[in-house]
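Engineer: Sharing a structure here in structure tokens format.
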Amino acid sequence: MALGSAGSQPRLSSASRRRKRSNQQNIQDSKGGIRFLAWAAIMAAAVTFVMGFTCTKLYISSAPGPGLVKKVIFMVFLMCNTISLFSSIVALTHLIWGQRQSDFQLIQKAMLRAMALVTVAFVSILVAFMVGVCFVLIHLPWQTYF
């Protein structure tokens, strides 16, 4: 007994059609999440880039012999800024790769990795911002205010 003619398409059951439709919907929802995470990673990279130039210019233009505290604060700022910039760039590469995938599991893995990297970037920006504020406050001429 033949199972069907050679040119016929297999019929999908209603459950398999619903599963396929829900899978496509999940992929579309995930791609919306990827766009949001990509926007957040781009903002983190832009803020980090600007902060790096601003504080570096302040450090270079400071007094000729900066003390040990100023050097340590500047090094902590540079490390946090570098971590933030690199993690946001790596998160963007994960998100771009995930956007090109059609498998839901791969998209979810890319989003999970990118979320962790964007979280690291934002925490690092927070620490770099606090250290940068301390760095600017150290450079203020406090004697003129009292």
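Each Cβ is built from the backbone N, Cα and C atoms, and glycine gets one as well.
TrEMBL lists 1-10 with the feature compositional bias 'Polar residues'. Per TrEMBL, the feature domain 'PGG' maps to 36-136. The region 'Disordered' annotation in TrEMBL covers 1-27. The transmembrane segment annotation in TrEMBL covers 36-60, 72-97, 117-140.
A description of the local structural setting of each listed feature is requested, covering burial, neighbours and distances.
Structural biologist: Residue counts for the domain 'PGG' (36-136) under DSSP (helix as H, G, I; strand as E, B; rest coil) come to 90 helix, 0 strand, 11 coil.
Below 8 angstroms of C-beta separation, residues 37, 40-41, 44-45, 47-48, 51, 54-55, 58-59, 62, 69-70, 73-74, 76-77, 80-81, 83-85, 87-88, 90-91, 94 of the same chain, each at least six residues beyond the ends of the transmembrane segment (117-140), sit close to that stretch.
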